[in-house]
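Engineer: Sharing the features that TrEMBL gives for it:
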ACT_SITE  B:CYS127  active site, nucleophile
BINDING   B:SER22, B:LYS46, B:SER47, B:ASN124, B:LYS162, B:ILE188, B:GLY214, B:GLY240, B:GLY241, B:GLY262, B:SER263  FMN binding site
BINDING   B:LYS46, B:ASN70, B:ALA71, B:VAL72, B:GLY73, B:LEU74, B:ASN124, B:ASN189, B:THR190  substrate binding site
DOMAIN    B:7-284  domain 'Dihydroorotate dehydrogenase catalytic'
Amino acid sequence: MQKSFDTPKIVTIEKVVDETPTVRTIFFSDEMLSKVLPGQFAMVWIPGINEIPMSVMVSQENGKAAFTVRKHGLATTELFSKKVGDQIGIRGPYGNSFTIKQGNLLLVGGGTGLVPLIRMITFLKKSDNVTLVMGAKTKLEVFFEGLANKLLEGTKHKVIVATEDGSYGEKGLVTDVMTKLFQENKFDAVYTCGPEKMMHKVVQIASENKTHVEASIERMMKCGIGICGSCCFGDVMACKDGTVFDGVTLLANKEFGYTHRSKSGILDNY
Amino acid sequence: MSPDISTRVGQIALERPTMLASGILGISLDVFGRLYKEGAGALVTKSLSKEPWDGYPNPTIIGLKNGYLNAVGLSNPGAPYFAKMLSQNQTIPIIVSLVGSIPEDFTFMIKQFENVKILGYELNLSCPHVEKVGLEVGDDPELVHTIIKSVKKESKVPVLAKVGLGSSDYLETVRTACESGIDGITAINTLRAMAIDVETARPILSHKIGGLSGPPIKPVAVRCVYEISSKFDIPVIGCGGISSWEDAVEFLLAGASAVQIGSAVGEKWTGVFSEINNGISKYMEKKNYGKISEMVGIAKKF
């Protein structure tokens with residue numbers, strides 16, 4: 001994608017949608033980000049606070065883009081608290097994207113990791129058969145189910161929700177659902193994004209079933225443009241070589257599913 | 001026969017003249033291995049401190065219309081951690097960059113690397129955006145002298161000093177470094193700079209002031225390499241805005257024995273080293289140079 005430079009561009013928040021008590025989607029106008037490929041991200045500047053990488057969400061409106069944020073640390077809580085009329089800075093898009101395959105496709109996501117998968121749906125063909133498995137701890141934390149069904153309307157599809165406490169949908173983890181699905185179905189490709197332990201399991205299951213799999217990984221990120229090295233993941237950089245990697249590459253990376261780096265660059269265990 | 005692009009920076013022998021500049025990607029042995037395979041002649045680590053540093057909050061690096069602005073804040077996992085990681089290294093040519101405020105900081109860190117296979121050290125006397133280290137040290141001749149003296153006493157490998165443009169005459173820093181026994185000079189670091197967002201009226205970097213790198217600083221860096229190599233009998237490594245083989249050759253002609261590449265890695269990614277190596281090789285063939293040393297500093301004869 002062509003972009004002139006990497007200086008933050010200020011945009012104004014036009015709409016805020018509550019997804020759950022801790023998750024919101026914020027909408028703004030930006031031609032470039034409205035068109036990004038699924039898995040690509042932007043660096044989002046919350047002036048005076050921090051700048052963080054965010055996967056670009058679908059806006060369903062021409063020329064508009066969105067981010068879905070869960071309040072967690074200082075920066076995400078500030079972004080979550082932004083109101084209509086507030087300003088944020090954006091630069092990007094950065095990173096690669098999911099390879100778009102056709103046929104029987106399985107999408108497995110958890111939490112805000114659903115964002116690139118929802119975006120993925122908008123790039124698929126009407127003839128594809130999509131199964132989306134989405135995980136949450138409990139019913140209150142389930143979001144995007146309605147949106148996914150709406151975006152997949154008129155196609156052969158299934159949206160399956162799994163909650164850890166069984167308060168909604170199937171009881172258990174998305175990977176439990178995935179194992180069951182593989183007993184009865186063959187998939188042409190699996191795409192996943194969410195907590196790394198979850199993705200690790202998804203990649204293992206898909207690989208055991210000899211199915212092409214891709215995951216979008218997350219690392220501590222500072223520059224987003226392949227300079228600082230903070231998001232180093234084995235011998236690759238999440239920002240520039242990723243964030244999407246295929247299963248073969250991931251299973252050969254000894255850090256996948258086990259370790260990530262701190263702000264200083266020290267390897268910590270997940 | 002294709003030209004020999006190996007080079008020497010004093011006692012440091014390099015298979016290829018393009019090195020990874022400090023601060024860029026240099027955080028893990030796996031990455032060093034990859035960049036070496038992809039053509040870098042040596043890898044300079046991020047500047048290491050005695051203890052781990054988190055660096056500043058973001059924004060720490062932004063791109064400009066031309067070049068980059070950064071105030072990362074010297075984030076690094078600390079010398080002891082890094083030395084342990086590098087202890088498995090056998091084959092990768094690594095230069096360890098060190099940052100500190102007093103001689104004891106540096107000697108402590110050098111002790112950590114006693115049994116680690118490295119090519120040498122590069123003392124960061126020029127980071128423009130962290131207090132009490134970098135440029136603030138480089139601007140103090142007395143401190144430069146005592147630090148280099150103590151480092152040279154402890155180190156079993158060559159020691160380079162990376163200089164930049166601070167508040168004092170950088171050539172005086174070079175003079176002091178040479179008189180204190182330094183083995184080579186890397187010039188230059190980023191230049192103190194800033195950017196303000198006009199919509200919010202805020203400085204963009206969280207640290208407000210940072211360092212400018214990339215193509216805009218290249219002519220300044222070429223001038224410094226030319227001046228240093230003209231005035232002192234010391235090997236020089238050129239650094240600042242190199243993103244093509246023409247840029248690299250320009251530094252060699254100005255008097256550099258090797259070059260470091262930083263911002264261009266962000267622009268062109270890891271293939272930048274072999275691209276520049278190949279360009280240098282073709283240039284040498286065309287101009288009939290058999291060795292890098294034949295072209296080092298020849299612009300000075302005019």
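Including glycine, each Cβ sits where the backbone N, Cα and C put it.
Just so you know, TrEMBL annotations never went through curation; they're auto-generated.
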Engineer: Whole-number Å distance between the CA of B:ALA71 (substrate binding site) and the CA of B:SER22 (FMN binding site)?
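Structural biologist: Here the two Cα atoms are 14 Å apart.
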Engineer: Using Cβ atoms and a cut-off of under 8 Å, determine which of the binding-site residues B:SER22, B:SER47, B:GLY73, B:ASN124 neighbour chain A, and list them by sequence position, or give 'none'.
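Structural biologist: Listed binding-site residues passing the 8 Å Cβ cut to A: none.
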Engineer: Counting only residues 6+ away in sequence within the same chain, which have a CB under 8 Å from the CB of B:CYS127 (active site, nucleophile)?
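Structural biologist: Residues satisfying the criterion: B:SER47, B:LEU74, B:VAL99, B:VAL133, B:GLY134, B:LEU135, B:GLY164, B:ASN189, B:THR190, B:GLY211.
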Engineer: Taking Cα atoms as reference points, which of the binding-site residues B:LYS46, B:GLY73, B:ASN124 is nearest to B:SER263 (FMN binding site)?
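Structural biologist: Spatially nearest to B:SER263 (FMN binding site) by Cα position is B:LYS46.
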Engineer: Between B:GLY73 (substrate binding site) and B:LYS162 (FMN binding site), what C-alpha distance do you get in Å?
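Structural biologist: Computed Cα spacing between B:GLY73 (substrate binding site) and B:LYS162 (FMN binding site) is 17 Å.
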Engineer: Look up B:SER263 (FMN binding site) in the DSSP assignment and reduce it to helix, strand or coil.
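Structural biologist: Note: B:SER263 (FMN binding site) is helical by DSSP.
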Engineer: Around the substrate site formed by B:LYS46, B:ASN70, B:ALA71, B:VAL72, B:GLY73, B:LEU74, B:ASN124, B:ASN189, B:THR190, list the extra residues of the same chain whose Cβ is within 8 Å of the site's Cβ centroid.
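Structural biologist: Neighbours found: B:GLY23, B:SER47, B:CYS127, B:PRO128, B:HIS129, B:VAL130, B:GLY134, B:GLY210, B:GLY211.
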Engineer: Work out how many Å separate B:LYS162 (FMN binding site) and B:ASN124 (substrate binding site) at their Cα atoms, rounded off.
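Structural biologist: Between the alpha carbons of B:LYS162 (FMN binding site) and B:ASN124 (substrate binding site) there are 5 Å.
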Engineer: Considering every residue in the domain 'Dihydroorotate dehydrogenase catalytic' (B:7-284), what is the mean pLDDT value?
Structural biologist: 96
